[in-house]
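What TrEMBL lists as domain 'Cation-transporting P-type ATPase N-terminal' is B:5-66. The transmembrane segment feature in TrEMBL is assigned to B:46-68, B:80-99, B:241-265, B:271-294, B:793-820, B:901-921, B:933-949. The region 'Disordered' annotation in TrEMBL covers B:164-184. As annotated by TrEMBL, compositional bias 'Polar residues' applies to B:164-179.
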Amino acid sequence: MVIQKEKKSCGQVVEEWKEFVWNPRTHQFMGRTGTSWAFILLFYLVFYGFLTAMFTLTMWVMLQTVSDHTPKYQDRLATPGLMIRPKTENLDVIVNVSDTESWDQHVQKLNKFLEPQKNDVCRPGRYYEQPDNGVLNYPKRACQFNRTQLGDCSGIGDPTHYGYSTGQPCVFIKMNRVINFYAGANQSMNVTCVGKRDEDAENLGNFVMFPANGNIDLMYFPYYGKRFHVNYTQPLVAVKFLNVTPNVEVNVECRINAANIATDDERDKFAGRVAFKLRINKT
Amino acid sequence: LSGRGKGTQTQGLSPERAQEILKKNGPNALTPPPTTPEWVKFCRQLFGGFSILLWIGAILCFLAYGIQVHYKEDSTKDNLYLGMVLAIVVMITGCFSYYQEAKSSKIMESFRNMVPQQALVIRAGEKMQINVEDVVVGDLVEVKGGDRIPADLRLISTQGCKVDNSSLTGESEPQTRSPDFTHENPLETRNICFFSTNCVEGTARGIVIATGDSTVMGRIATLTSGLVVGKTPIAAEIEHFIQLITGVAGFLGVSFFVLSLILGYGWLEAVIFLIGIIVANVPEGLLATVTVCLTLTAKRMSRKNCLVKNLEAVETLGSTSTICSDKTGTLTQNRMTVAHMWFDKTIYEADTSEEQTGKTFAKGSTTWFILARIAALCNRADFKPNQETLPIAKRATTGDASESALLKFMEQSYSSVKEMREQNPKVAEIPFNSTNKYQMSIHLQEDGSQAHVLMMKGAPERILEFCSTYLLKGKEYPMDDEMKKNFQNAYLELGGLGERVLGFCFLNLPSTFSKGFRFNTDEINFPMENLCFVGLISMIDPPRAAVPDAVGKCRSAGIKVIMVTGDHPITAKAIAKGVGIISEGNETAEDMAARLQVPVSQTNPREAKAIVVHGSDLKDMTSEQLDEILKNHTEIVFARTSPQQKLIIVEGCQRQGAVVAVTGDGVNDSPALKKADIGIAMGISGSDVSKQAADMILLDDNFASIVTGVEEGRLIFDNLKKSIAYTLTSNIPEITPFLLFIILSIPLPLGTITILCIDLGTDMVPAISLAYESAESDIMKRAPRNPKNDNLVNNRLIGMAYGQIGMIQALAGFFTYFVILAENGFKPIDLLGIRLNWEDRFFNDLEDSYGQQWTYEQRKVLEFTCQTAFFVSIVVVQWADLIICKTRRNSVFQQGMKNNILIFGIMEETFLAAFLSYTPGMDVALRMYPLKLPWWLCAIPYSVLIFVYDEIRKLTIRRHPGGWLERETYY
């Protein structure tokens, strides 16, 4: 077997490329004539048109099977997460007492977050169930969350701007919404906060919780979904840190104590708990 | 010198002494040149081809991790793990390819050792065939034309010996060798033959003076080692393909790197995209698959009596468009056999098939009885001893070919020749010579009458001259004109069949010449005229049984079969007609002239499809004239050609753009064998030299094996195409997730690890299983591929894999992905642009379409579930892809599902996918999560679509051969 080796010069390669792009003899552009291009493009147009139609059809069929009311599966949301407000990047709440601008945006956000809504007054201590009973009961009514429950952190007539201007900031803790989740399993539940390590606990100092004990009432559950549960207001727990050691970063961890919420997920650091950093800079 | 050979000039060494020397000097073989060290080969596997791309990916991963560690203390280790996985993957594939390559080269090595070189030595006065390696200094060796010289020899006797020292001196002219000492310089002197040069003709006997590395060749070989081996077509094809894919990967990677930077992603993220795109583009398992396919085929071919010397020759054989075949031994059985008899004014046919089932003819006639006796008695051939157990046709004989044919025929159809000869002892004979053109012998009658009978056979016209009477049904009649005319017709008819015709006659000698009479054959003292003519027997070297079929297959496969033979044109033409090289109904210009009864010069040679070219005409032809013949005639026979002319013919065919396979057995064939695109040597009759020059060796010398080889070659090329089409298809569903992730900012539908799981896990066995796929029905019905523009990977294949099936697969994956997200709360419309929030690990209350809020980890688990499902969807659509890749033209219903390895492949990929998804701990190890059963079914409609679409496509191709769809999508 004899193997010929052809070495092409650079010029030849360029020449071949030129001829490939436009061949004046055969009127071929990129190896195809105009009609040939037209045919192949038409083919792919039809082919992809058909595929798009098929994809759209299957997607449509799928979306028909998905209810507007509740998602089909919720097993990934078995444990609702906790989150804080003000929400900051990296979850660091940094307050420069003298620097108004540093916390002003937090205050703006909180003001917006706590804007009052006109909702029902419900009976505390039990779930506010609104079953469909065969007929769609819609829209669902939502329970009122009274800001006054938040006491010093309610921001009502508060010259200290949620304590930010005095170095005693309020941090709000909320639980993630999960449709049809009966948080607490008919028992009362509350939020507790601690310093993560011993030195954090020391630096953290005293704090007060609103409502008292960090209780979350059952009447805010269950949640029926964005579409049906218009104006739903989430219950909140506020923590006011009274004497945090200034100029030190403090790791705080808050968790919810409820019968049906596990807070020990190794992987998910936000399942039933939330960790954030608190730093109060004073000069 | 003579001292060394003392006392051994006729007897040779004693075997014991030879053993001693062998132990002392070692085997007579060159120390193999230092081959590429194993670790270099290993490194080549580790860093060559696609590996380098993956290494780049791995290094980028480590870099990204390094940067992350440097800037952020609490960085995740994802990139570190990915980098390590990539590195491990490269190493594992490297090891696998290395192992495969080592295995295949071992197999090829063993093939090479299956045709060991033999030498004829004389030890203790006995001639014996031993392996060349066992030849020792002092051995008495005999060489003959066609042999390779087994060691450095000092000649002691020669008969017309010529050697070709070109491998040593570069001189191509054969040199005469004789026992005379003619020159001081051992290279110049005439009485020394050198190891590994070739004896071209004649015979010689010599004493070994040096073996192995101490030979002249050995000393030179240790200086310059190894030949530079060029790239074979398939190696070039694969390299071309790797370059293409690497180019695409690089282009896509870099352009999306730039695009992601423009879209505002960070450097780090852009680098991670780059890695993903590279990994998605590279078919990691493909090279291993190719090696496996080739090795498999080489093994399969050796089972079918084709020994392939280099792996890639298989593929070249598949693209063969012209076969120049020898006649004797390849197309024919290489043994003269009685084909026809003419007695009692009738032509009888004898059985010439290899099995010799024995046709019946007028065995009852007395004429047959006498004819058989003459043929058996007036015959010098004899069976060699000790082969009574063999069938008659297979027994070895002494004596020339026609006499052996007669001997075997009579033994078979009449009775034991030995007994006959014992009962009718020969008292005198005149052997055949070319001036007499007859052979005569006188035997004693067996009936005890003490009378003698004179029997004669020879060239028919000579025999007729001796005769005055003829035998018809056992009765003598005086010779008349009618009989002479009958005789002429029969003679012409048999001669026209290309057969060698002999005439037979006898004379019962009068009683004056009864027992005891001393016959003198020099001065003839007995009557030798007015003999009684008995009949004619004609012989031919009959075609092998499988050949006509094989030639027919070649013809339907668009392969031109050209017969090149040294034989007489008439014989050549007869055999060519017999095996179908000149097909029925086609005639040469001469035939046409005879039919129209005009001189040959008046016929239009263009009208004749067939032609028989005489070697002497070929000698006077210019290359243009030869081209003309090759172009205008489909059926060509070259007769009376010399081996040198074979080379001219090969070159002529190659000028037509043909891929030429050439068979050859002689020393002189080696230039043609080397010149051909694929040289085929004969395992039985071939000389060592031809075997060395060839790329392939036919162990059974059978032309039909070449056709099997062609079929295998085509099959491997087809199957490689199918395998590549299958593997490439899944690249689209692997790469589109990245592209849409970047462009639409949706959560990543398919991760790097899952891509590797597809390429190296689920796709591997199915891709290899396609190598076991049996041929499609049209494999020997289509024209040979044109190596210039019909590449292994052409744009039609890319179009099919990437543009059509791959797209359907990608849609299947995305559909599953959207289903899972929607069923968990994220509707498709809300996903667009969600990426930044989705990827923010501190955003732990991301809202879905229902108002539920998700922590980072919760949605990541969902994302990885989607990735697992995307992966499973690819497996599901790859089922359909595997099934459609089984065939390129036929329907799967025609092809059947007989490939068990393929079925195993489907099962394996499914089980592997289920294993990866459901095994506990996979969520930590590979971040793959268990799927709900309905999610397996999402891709099914697309799987069905792939199958239906391709069946329709193939149906259209079959219905409209050469149509637009075939031109654009038949890969």
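Numbers run from 1 along the shown chain.
From the backbone N, Cα and C atoms, a Cβ is placed for every residue, glycine too.
The stretch from B:46-68, B:80-99, B:793-820, B:933-949 with the most CB pairs below 8 A to the transmembrane segment (B:241-265) is B:46-68. In the predicted model, the domain 'Cation-transporting P-type ATPase N-terminal' (B:5-66) has a mean pLDDT of 77. B:46-68 is the stretch from B:46-68, B:80-99, B:793-820, B:933-949 with the greatest number of Cβ pairs below 8 Å to the transmembrane segment (B:271-294).
With a threshold of 8 Å between CB atoms, the same-chain residues lying at least 6 positions outside the transmembrane segment (B:793-820) that come near it are 237, 240-241, 244, 721, 724-725, 728-733, 736-737, 740, 749-750, 828, 831, 862, 865-866, 869-870, 872-874, 876-878, 881, 884, 935, 938-939, 941-943, 945-946, 949-950, 968-971. Sequence-distant neighbours of the transmembrane segment (B:80-99) (same chain, 6+ residues past either end, Cβ-Cβ under 8 Å): 41-42, 45-46, 51, 54-55, 57-62, 65, 275, 279, 284-285, 287-288, 291, 752-753, 756, 760.
The DSSP breakdown of the domain 'Cation-transporting P-type ATPase N-terminal' (B:5-66), given as helix, strand and coil counts, is 37 helix, 1 strand, 24 coil.
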